[in-house]
Amino acid sequence: MHTSIATVCLSGSLEEKMEAAAEAGFAGVEIFEPDLVASELTPEEVRARAERLGLALDLYQPFRDFEGVSEELLEDNLRRAEARFRIMARLGIGTVLVCSNVSTATEDSDEVSAAQLRRLGELASAHGVRVAFEALAWGRFVDDYRRAWRIVELADHPAVGTCLDSFHILSRGHDPAGIEDIPAEKIFFVQLADAPALSLDVLSWSRHHRLFPGEGDFDLVTFLGHVVRSGYAGPISLEVFNDIFRQTASGATAAQAHRTLVALADRTAREQAGAEALPTVPAAGHPVGVDFVEVRAENTTDVEEVLDQLGLSFRGQHRSKPVRLWSAGGARIILNEQHARGERPHVAGMGLLYPDVDAAEARVSTLGVPRVTRRIQAGEHRLPAFVSPQGVELFLAAGESDATGRPGWIDEFEHGVPQDEGAEAGEAGVYAVDHLNLMSPWETYDETVHFCTGVLGLQKGTSTEVASLHGLVRSRVLRTPDGAVRVPLNVLPAAGDQHTEHVALACDDVLAVARRAQRRGMRPLPVPRNYYDDLEARFGLTDTFLRSLRAHQVMYDRDADGEFLHFYTRRVGGVFFELVQRLGDYDGYGAADAPIRLAAQARLDAEPSQLSGSARPPRRRGRSVPRQLPEW
Ligand SMILES: O=C(O)c1ccc(O)c(O)c1
Ligand SMILES: [Mg+2]
């Protein structure tokens with residue numbers, strides 16, 4: 001597969017874009033004309049640079065508003081085109097993208113457009129180049145790839161073919177199966193872009209919200225399957241117009257882009273008949289459980305106090321590092337004070353269990369995810385570790401499921417309360433990590449979604465928006481089908497809300513856990529009285545039950561599948577805990593309760609200290625960079 005990327009996807013100067021593309025592993029680039037026009041490099045210098053980088057110049061784009069025009073305008077359009085062909089000759093680029101006319105077309109006729117494209121083809125072949133005609137989703141008359149192909153077919157010129165762009169096809173809901181009706185030699189170019197499902201005019205959607213494959217909601221696996229079955233073997237190029245990518249470092253964006261394209265090819269090869277020739281990467285399946293969550297801080301005492309109140313037990317101190325383990329059943333929390341000077345408590349890592357951990361490591365590594373290097377002592381378990389795009393470290397461990405396994409690394413912890421083999425639940429029945437709620441700055445959000453799905457093997461779950469006091473928080477759940485691993489991922493609003501992440505622990509009796517914790521001095525996150533009045537109105541709960549919920553600041557949700565009871569601890573630095581109890585087949589997260597929680601946390605932020613006499617005032621995002629990882 002010849003991979004390519006349009007320079008419009010990346011930030012910086014043309015030379016920076018080309019270097020980033022080559023460094024990320026792309027075989028070629030599409031030169032976006034405005035990037036050349038703005039560059040100080042001559043076309044010859046661009047060509048030489050590409051050669052040095054080993055980068056093919058696959059396409060020159062876009063040439064606009066050519067077809068369907070009056071005779072008089074056509075002459076001018078041919079003149080404009082010829083000037084471009086000369087530049088292309090200097091660049092050494094053989095194909096130009098001509099997108100369907102969006103403004104000057106007056107002739108809604110396939111015959112007229114075909115005759116005009118044929119003239120363009122004549123001119124192009126005189127200059128040794130080819131024309132790839134692309135239907136823009138908002139073209140004046142040509143807005144469907146099937147019509148563009150009809151016109152190309154009618155033009156019947158060897159230098160005239162079509163360019164397929166997944167965005168224009170899928171945004172309009174057009175069936176991509178028709179791609180297989182186009183002879184492969186008439187498909188001159190293929191561009192891929194994903195996008196979130198939005199109801200927005202297609203032009204704004206395309207220019208601002210395109211995403212790399214697997215980050216949005218388009219079915220690019222099926223799309224690419226059709227492309228491969230058509231027999232097309234030319235460049236597969238990413239063309240993603242997106243406000244974020246143009247503002248972030250081109251090296252990181254190019255690496256992300258390449259990873260998404262490789263992951264897409266891999267999935268397509270595995271899922272689409274006839275696409276087996278596409279390159280694959282090792283398969284990892286999906287994780288089967290959460291091995292542990294790691295919380296890091298200069299001093300983890302406050303967090304341990306909360307864990308004790310919640311009924312988890314101290315299982316020991318690591319024999320060679322300032323690292324401690326607390327657990328109950330399969331819920332394991334590692335407290336790490338190593339290399340954590342000046343850091344407030346925060347979620348720093350997550351261990352995921354894979355049945356074939358070697359395959360999982362091979363996959364994550366092959367997809368170019370940066371590794372975390374940790375010093376290992378003799379006799380210690382080596383868990384492969386990688387850095388996720390939003391900064392949390394990801395550990396891969398071998399295991400069949402979280403609740404039944406006893407991780408090998410547990411023996412490295414000494415002098416704690418012993419835990420029997422198997423899934424001995426903690427006091428009051430805390431037995432597993434139910435979910436881990438992570439945050440990502442908006443810049444890395446879509447990339448993190450792809451990391452969890454395309455790399456780690458989680459699936460996209462529901463997507464919502466939660467109202468906080470400081471703005472709407474986009475949230476999407478990434479999970480396994482059985483719910484053994486659930487990661488709700490929230491966008492961190494630009495201003496206002498704290499960067500706090502939380503660990504939700506599953507238990508058998510949340511009211512009992514709350515009662516015990518409060519006896520041990522825990523002050524839960526306060527829930528306003530209005531909430532309970534509203535609960536009564538919504539669900540008609542009995543007085544006794546409602547009183548009991550309120551007494552323990554436990555929140556409640558119910559849907560057709562079951563019921564959900566949960567409460568939150570107060571924040572300790574940048575982390576807090578949630579205790580959840582699922583009844584029946586309830587599969588959600590109490591979405592209606594999230595705004596109540598955010599408002600309560602914001603109220604507490606205004607107070608000098610959240611935790612009785614212990615926590616330092618939490619720092620705001622931007623004031624401190626807790627470690628060498630990307631800022632969060
Ligand atoms: O938005 C545009 O104008 C535009 C230009 C070139 C393309 O290939 C495309 O898909 C869109
Ligand atoms: Mg395009």
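Even glycines carry a Cβ here, placed using N, Cα and C.
Model, not experiment: these values are computed from the prediction.
TrEMBL annotations:
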type    : residues                       : note
BINDING : Glu134, Asp165, Gln191, Glu239 : divalent metal cation binding site
BINDING : His435, His502, Glu578         : Mg(2+) binding site
DOMAIN  : 19-249                         : domain 'Xylose isomerase-like TIM barrel'
REGION  : 605-632                        : region 'Disordered'
Please name which of the binding-site residues listed here, Glu134, Asp165, Glu239, is nearest in space to His435 (Mg(2+) binding site), Cα against Cα.
Glu239
Near ligand 2, which of the binding-site residues His435, His502, Glu578 have CB less than 6 Å from any of its atoms?
none
Which residues, same chain and not among Glu134, Asp165, Gln191, Glu239, have a CB within 8 angstroms of the centroid of the CB atoms at the recorded divalent metal cation site?
Leu97, Cys163, Leu164, Ser166, Phe167, His168, Phe189, Val190, Leu192, Ala193, Ser237
Please go through the binding-site residues Asp165, His435, His502, Glu578 one by one and keep those whose C-beta falls under 6 A from any atom of ligand 1; give the result in sequence order.
Asp165
May I have the list of same-chain residues other than His435, His502, Glu578 whose Cβ is within 8 Å of the Cβ centroid of the recorded Mg(2+) site, in sequence order?
Asp434, Leu436, Asn437, Pro488, Val503, Ala504, Leu505, Tyr568, Phe576, Phe577, Val580
Just counting, how many other CB atoms are there within 10 A of the CB of Gln191 (divalent metal cation binding site)?
25
Which number gives the other C-beta atoms within 10 angstroms of the C-beta of Glu239 (divalent metal cation binding site), all protein chains shown included?
28
In sequence order, what residues of the same chain, 6+ apart, have a Cβ less than 8 Å from the Cβ of Glu578 (Mg(2+) binding site)?
Asp434, Asn437, His502, Val503, Ala504, Leu505, His566, Phe567, Tyr568, Thr569
Neighbourhood of Glu134 (divalent metal cation binding site) by C-beta distance under 8 A, where only residues 6 or more apart in the same chain count:
Pro62, Leu97, Val98, Cys99, Ser100, Tyr145, Ala148, Thr162, Cys163, Leu164, Asp165, His168, Phe189, Gln191
Between 0 and 100, where does the mean pLDDT of the domain 'Xylose isomerase-like TIM barrel' (19-249) sit?
97
